[in-house]
Amino acid sequence: MPKVEIYKSILLEKIGKILTKSELVSVLEMAKAEICEFDTVNDKIKIEFNDTNRPDLWSCAGLARQIKTYLFGHLPLFKFFSMADNLQEFYGEILVSPEVFSIRPFIFGFLAKGVICNERMLETLIQLQEKLCHNYGQKRKRVAMGMYSSDLIEFPLSYTACNSDYRFIPLGMDREMSIEEINRVHSKGIEYSTILASFNKYPLLLDDKDKVLSYPPVINSHDIGALKVGDTDLFIEVTGTNLEATLLSLSVTACDLHDMGFEILPVKTIFPNETLFGKEIICPYYFQNMLEVNVDNVNKMLGSNFTANNMCLDLKKLGISAYFKELDKFYVIPPVYRNDFLHEVDVIEEIMIGMGLDSFKPELPKDFTLGRLSQIEEFSRKIKNLMIGMGFQEMIYNYLGSRTDFIEKMNIEGDDFLSVANPMTEGYEYIRGSIVSDLLKSESISSNFPYPHKIFEIGKVALKDLNSVDGTITYDNLAFLMADKEFSFNEINSLVSSLFYYLNIEFKLRESSKSLYIDGRGVDILINDTVLGGFGEVSPYILRNFGIMVPCCVLEINLNKLLN
């Protein structure tokens, strides 16, 4: 979970109220945060956040804004945001080339002027940059940020792609280096260039005089890419692979700098292709959607009997605008610096926090029940023990993933896969319909470990089902993978036979037509003419998609059907 260090005196100054240690501990619960350490000598507090969905809190300015709003009920106002129907005046342009749009497509920026940067302010900004890029930005893969002195920059900027022999002086060095050399020698290149490993060109940000600002998301330039004490005019840019995550990171930073006293001046980005919010976007940009919330649903979930007006007032404590036109529903307008409202239940959680957790009286359960393992759980545990006994290592994966991993790399249509309507990131846009893709992904990053590799998982998969009430059906599946140059169909066939022998279940095999397998080396498993799954040698085409160089055999069977 994210941890930040902030200056206590600055925090209390921005809140506008002196808080004792116990009062501060109490009010931090509202932000799902707790104090890890008090450093009275250096005037610092180390705070850990128990929620990764609120990057707006990972700074002194953001946390102070939330506490101040909670204590005094004043909604923060940021007038420099553009909206689809209300565009602000812009003070610079970023031109995106078609070449870079297929590599790392999104870049946005703004100018911040009017405050002299001191040492503590720079420390705060650098910490915010690191937390946004590392935690929210998935170690710069999804989002990366650059900060510069705008006095050294000539607009418009050009965001383009270059070859590996392009040379400039990177930050922390005193000589020119090629992109290839930076990737190989520079500490940041070694750490972050793998993000771009699948491309033969690299992102580059230049100003109108062809001076290099940065090689995103790896390293800034030596000449322009470092802030220093005494700078007054700043340029902030954020690049990324996810449009909304990139916009939100920029919005969070803009709000923080505004709260520090800076004047925020928007910058326009011009893309070669249309995006979800248009071909030209003036940033900071407000893109969040309004939510409709049913009053009865809130009261049912919280066990309360509040009116829409009560709920709107509780949301206001957390900086969330809400209004009602009807008695049975109200509308929520997310703050410009938040994008974590995916469903009505997220609003209900905020209402509960706004009411105060101590306002809910605990109640003992009224019904007495006996718990026991379900049949499928008992069956799964039996199979798990058998797999471990046969030398396999258990894996546990997320149920959500990307279309690339679940569908495209597996060379399937994916028509029966379930997609998330409003995913936070492209890495969590689909619910898995098979475990095999997860096993192959693990194998793709395990080539440095001694062979053979034998891994398995027993977990849930979900698919579309038009005959069910909600249009979906969930199964418990077993899948395993064997990887070694010596493994072939004979080895996996022997293991499958052993597994069914210990389960005391008879089965039949027939040749499979799935593209997952090499032709003639994959079979379906049948019991009473019902297909329960299959196994075989994985197609070299699919292995190449995952970057796997060693032959693999896989099995996947439906345990619910097997149990029945």
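Each residue's number is its place along the chain shown, starting with 1.
Yeah, the Cβs are placed from backbone N, Cα and C, and that goes for glycine too.
What Swiss-Prot lists as domain 'B5' is 286-362. If you look up Swiss-Prot, you'll see D340, D346, E349, E350 marked as Mg(2+) binding site, on the strength of sequence analysis.
A map of Swiss-Prot features onto the structure.
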residue	record	contacts (Cβ under 8 Å, 6+ apart)
D346	Mg(2+) binding site	D340
E349	Mg(2+) binding site	none
E350	Mg(2+) binding site	D314, L315, L318, I320
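DSSP places the residues of the domain 'B5' (286-362) in helix, strand and coil in these numbers: 32 helix, 15 strand, 30 coil. The residues near the Mg(2+) site, meaning same-chain residues not in D340, D346, E349, E350 whose C-beta sits within 8 angstroms of the mean position of the site's C-beta atoms, are F341, V345, V347, I348, in sequence order. Every protein chain considered, the tally of other Cβ atoms within 10 Å of the Cβ of D340 (Mg(2+) binding site) stands at 17. Taken together, the residues in the domain 'B5' (286-362) have a mean pLDDT of 90 on the 0 to 100 scale.
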